[in-house]
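The structure appears right after this line, and notes come after that.
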Amino acid sequence: MTHPKETWWVALIEVGVIINLVMVAFAYTTWLERKVLGRMQRRFGPNRAGPFGLLQPIADLVKLIRKESFFPASAHEIPYILAPILSTFTALAAFAVIPWGKGWTVHGYYIPGVVSNLPISLILIFALGSIGIYGYIVGGWASDSKYAILGSMRTCAQLVSYEVSLALSVLGVVLMGQSLNLVDIVDKQQTTVWFFIPQFVGLCVFLLGGIAETSRPPFDLPEADTELVAGYHTEYSGMRWGLFQMAEYINMIVLSSLAVTLFFGGWHFPWVPSLDKFGPIWFCLKLAILVNAFIWLRASQPRLRYDQLMRFGWKILLPAATINALVTALLVVWVK
Amino acid sequence: MAQVVPNTLKGFGVTLKQVFKKPLTQQYPEYKHPVYPRFRGRHRLHVHANGLEKCVGCSLCAAACPSDCIRVVAAENTPENRVSAGERYARIYEINLSRCIFCGYCELACPFDAITLGNDFEISEYNRDDLIYDKEMLLKEPVKKVPVADRSLYDTPIPYYRSHS
């Protein structure tokens, strides 16, 4: 057997497939969320468009695209239009480095299990997440509305606070995996143990910080549907609003896939190595479980007050993440 | 502080329990919940058993109407063209249902029980003009009917105009 060829256009096709799959995943996450929330509140959720309301995301998309994109007269045009695009772009781009399979050889061409196998892919994801925050800040500021700017200030404060603990919480995984490359971390977990067992504190901090980072309930202070207007996207409507919404949901999916990758063995199936060739299936299953947990959390817990949010972030999560990283570092050195 | 974690988990348990129960939603267009027997819906104009209209065109309903949505134009009955039992009849009788608040004052004001409020509430239209009901529409049986709950379930008196007409 000849050595499989690696070509640039395979990655290009993969990019197209992944982006479209993520978009579909986003659309059906909204459907799933409405459905599960509905059942948890003893309602049906969407059930009119198609069987089980399965065409609902498509109907929503058509509605959003056809809707008038209201444009405030005093808005700063270019940042106003670019902000949602930026947020969506960074959310989608993060998927380039998440491994979802082992890699296959088809007709002599090698198809890798990740679009781009970077040595610092974990840092890239956090960097993209931080750039995505600019979308929220700029969007709120460019709308030239006091509600939008107040909302974007809240978002900004929350995201910056929780990003610290989020980044610190994965430090333990990086120390144990001896790499910043997500592919290496996944492989390391298969040879040792899935990191959610030794890094349980890290997982808890990561999930809590991640929920706050994606501003999902109960940390949805930036939007707070019941008490604020709508936060940073007050002045947005139509598909521009849809893009912000898309960024939020895709961030949630990215975060869940990152949790799967870092703590739950990525695309591996436990104990049975021969099943690893169905990597994407296990990856999607784990992802679906986590996304459902996010929705479950939304249905169950009330929103935090702003001071509680800040206190929780700085006084509980940050020390917990720091101590976890320190203890892990000491143990890694000591075991060696 | 020690209660935070168990209480949080309890919250998760409460929501998870609901998933396995049947939703309480009534699926409206397929299932129409029976309305209360005295529910005030779309109006009806009535006729006597011999076919003559009960309305005599006195305009008391229009005078009683707080939202001013009834228009009555009366004309004299003649021996060749007898429409109502009285001296005059309503040549034009229109109710603008886009303005009507379904208070039932017209029903109370009517001396001949010619107008009553029925039970039907499915009267939305795509066009405002379609909501102006003229005399013919009000005299006819309503096209869309809604189920009405059994009167015996409720301790409600039968109105005079229903028992004596």
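In case you wondered, yes, glycine gets a Cβ from its N, Cα and C as well.
Taken from TrEMBL as is:
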TRANSMEM  A:7-29  transmembrane segment
TRANSMEM  A:78-98  transmembrane segment
TRANSMEM  A:118-138  transmembrane segment
TRANSMEM  A:159-180  transmembrane segment
TRANSMEM  A:192-212  transmembrane segment
TRANSMEM  A:249-267  transmembrane segment
TRANSMEM  A:279-297  transmembrane segment
TRANSMEM  A:317-335  transmembrane segment
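Among the listed stretches A:7-29, A:159-180, A:192-212, A:279-297, A:317-335, the one sharing the most Cβ pairs under 8 Å with the transmembrane segment (A:118-138) is A:159-180. Taking residue pairs at least 6 apart in sequence, the transmembrane segment (A:249-267) and the transmembrane segment (A:7-29) share three or more C-beta contacts under 8 angstroms. Proximity of distant same-chain residues to the transmembrane segment (A:78-98), defined by a Cβ-Cβ separation under 8 Å and at least 6 residues beyond the stretch ends, is recorded for 15, 18-19, 22, 71-72, 114-118, 121, 124-125, 128-129, 131-132, 134-136, 138-139, 141-143, 182, 233, 236, 240-241, 243-244, 246-247, 250-251, 254, 257-258, 261. Against the transmembrane segment (A:192-212), stretch A:159-180 shows more Cβ pairs under 8 Å than any other of A:159-180, A:279-297, A:317-335.
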